[in-house]
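Per TrEMBL, the feature transmembrane segment maps to 12-37, 43-66, 197-224, 245-270. Look at TrEMBL and you will find 149-285 tagged as domain 'Palmitoyltransferase DHHC'. Per TrEMBL, region 'Disordered' is recorded for 296-337. The compositional bias 'Acidic residues' annotation in TrEMBL covers 298-311.
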Amino acid sequence: MRRHGWQRPLHPLQIVGMSVFFFLVAAFYCFLGLFLGNRIAEIAITSIFSFVAFSVAFLFVSCAALDPTDRTVYRKKTKGKSTAFRKLNYGFLLAQVVLRVFRKVERKILGTFIRRKYPSLWKSSLLREPLFSFPLVIDDSVAPEIREDEISFCLLCDFEVKKYSKHCRTCNRCVEGFDHHCRWLNNCVGRKNYTTFILLMVFVLTMLMIEGGSAVAIFVRCFVNRKGIEEEFKSRFHLKFPRGVLATASVLLFLMSTYGAAALGQLFFFHMVLIRKGMRTYDYILAMKEENQSMELESLEDSESSSDESIDFGSPEKKQPFTSQLKCSGGRRKTQV
């Protein structure tokens, strides 16, 4: 059973994504951010890019590290236990407080836009819990009681889960508020990390736009200010570099950034449409499967009805087979005799 995205083995797409990220960051700091032509623009754009790149790395690590597994059974097991004070673990408490602050910031940013069909449990006081809960978030199993109509049973996991939890065969677990399994994160996206997933896409898109815009600016400078960019490159690296190579590198970085932004932008707007409709990716896939099955059934019914019509309404002037004609003619002769 997989608990998070950093559990081995890592998915190849996860490694590819991290490699592309480090390549784009290195290309910006070593090439794009140094030749924008204006010192103020270089400082401003580099500062913005640094913040965005750090946010992408933090959100990627946290989104892959969050465990979206359904904890209904564990909450029921710890429900009757005493909540007496235990030995305080200050490192754990600090991590829980920081995590709770981060979750509150996430809810404030996207809380007004995300409208998912989760049970009414998550609209209760659980979402309005204080920053420092008593007794200092030691027992994380304290939660409102779950009603029976919000519980279903998973045959694969062999225990009770929430109504909107689904089983992921890749991770071999039930995910609370299952949306989809992301191979780039090597983790499932559910209720606990969906907001982090949306923020990750926003910051990655911003990073790719900054990268592509900087590449376009340097490509233009290669033809507008030829001597200036050659002198800057020589003064910084003490090398004489051909201007055509700089232009080619800018074009390659622009194409890479544009392709990534187009693919990720399509996914981002797809999720925006799903959010506005209150759907999940899993619900969308099920709806598309049902639509395809209904279309196949309609096509089969149409083909069967057309074949029946061809049999019933065939031309009555068809010639009978030669053997039947012989039998009929022989019978007529006998009656005449």
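Here the Cβ of each residue, glycine as well, is placed from N, Cα and C on the backbone.
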*Among 12-37, 43-66, 245-270, which stretch has the highest count of C-beta pairs below 8 Å with the transmembrane segment (197-224)?*
245-270
*Local confidence of the prediction over the domain 'Palmitoyltransferase DHHC' (149-285), expressed as mean pLDDT*: 87
*asked:* As a quick check of your reading of DSSP, tell me how many residues in the domain 'Palmitoyltransferase DHHC' (149-285) are helical, how many are strand and how many are coil.
replied: 85 helix, 20 strand, 32 coil
